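Down below is the structure, laid out as structure tokens.
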């Protein structure tokens, strides 16, 4: 790391003061008792717990109905619900673990547990889908079982009803969560007016908790699972109705099983891309790095910007670090304040680390 050269005595004193303040200030990733963060985790835990309970009930009904009707499509739906229950349980643990305090060895906390949980959930869906596709092919080649279309249709209709309730519930809570963040932002603005002087010091060494509405990765995955299951339940209902009317058309049950399994696999690709991007520390898609670099260079007193890195710890927790070379005689405090404002207001980056260098 390049050292600061040609700095004045005053600048070195300021640097010492900043260092002392930094040591005594809790980083954003260690602020687990932040009211917004606590409420967000509580809301997520409530939603995931409700999903687990309702889906366990629906899964039990579909397993019994699938065995009674001898329908592989219903069992496929039940298997996907089982993978959802397992995935939601993993996500619930991940949300709980993300509230653990950061340590000296886990300085960013345990937020990436939810990313690993999402990856495990995707792998579970792939495994179950592969097994069901294998069973469908085996039945097509060797089995000509009779399927009870009436039971098949009734069970699928019950599963569809559960999915409608769950997707409506998730949608309602997401809207409420967004409204809360707007209110929190207003309160933060008032707080800045009443503590202006202290805020100037804190702005140099810290960053506030994100105020923008953030979609939790595990809730994104839960919503995706519910939406996929709802579409699948509609397909099983249609298939059950056809077999109810035409009992000899059992092959359509096996065909639907294969199609729904493939759809389940495809539905995970977008989420898998997000997981891989975070684990590979890819720049978030919503961040224009070229524009960010240009914006930093256009700030008053900035001569050059290099070693610019932007990545995500998890969804909604973006981090930036860079080296900024200042022009001669420029106040580093004022420049740091400008950098922090640019990153927060224009790019919603709330954890910024800057290495100041002199020209």
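Each Cβ is built from the backbone N, Cα and C atoms, and glycine gets one as well.
Feature annotations, reproduced from TrEMBL:
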type: TRANSMEM; residues: 48-67; note: transmembrane segment
type: DOMAIN; residues: 52-280; note: domain 'Cation efflux protein transmembrane'
type: TRANSMEM; residues: 79-100; note: transmembrane segment
type: TRANSMEM; residues: 112-132; note: transmembrane segment
type: TRANSMEM; residues: 152-171; note: transmembrane segment
type: TRANSMEM; residues: 222-244; note: transmembrane segment
type: TRANSMEM; residues: 250-272; note: transmembrane segment
type: DOMAIN; residues: 288-358; note: domain 'Cation efflux protein cytoplasmic'
The domain 'Cation efflux protein cytoplasmic' (288-358) [mean pLDDT, rounded to integer]: 93
Same-chain residues near the transmembrane segment (152-171), Cβ under 8 Å, at least 6 residues beyond its ends: 47, 50-51, 54-55, 57-58, 61-62, 65-66, 69, 71, 73-74, 77, 81, 219, 222-223, 226-227, 229-230, 233-234, 236-237, 239-241, 243-244, 253
Counts by DSSP class (helix H/G/I, strand E/B, coil) across the domain 'Cation efflux protein cytoplasmic' (288-358): 25 helix, 31 strand, 15 coil
For the transmembrane segment (222-244), distant same-chain residues with Cβ under 8 A (at least six beyond the ends): 47-48, 51, 69, 71, 73-74, 76-77, 80-81, 83-84, 87-88, 91, 147, 149-157, 159-160, 163-164, 166-167, 170, 250, 252-253, 256, 259-260, 263-264, 267-268, 271
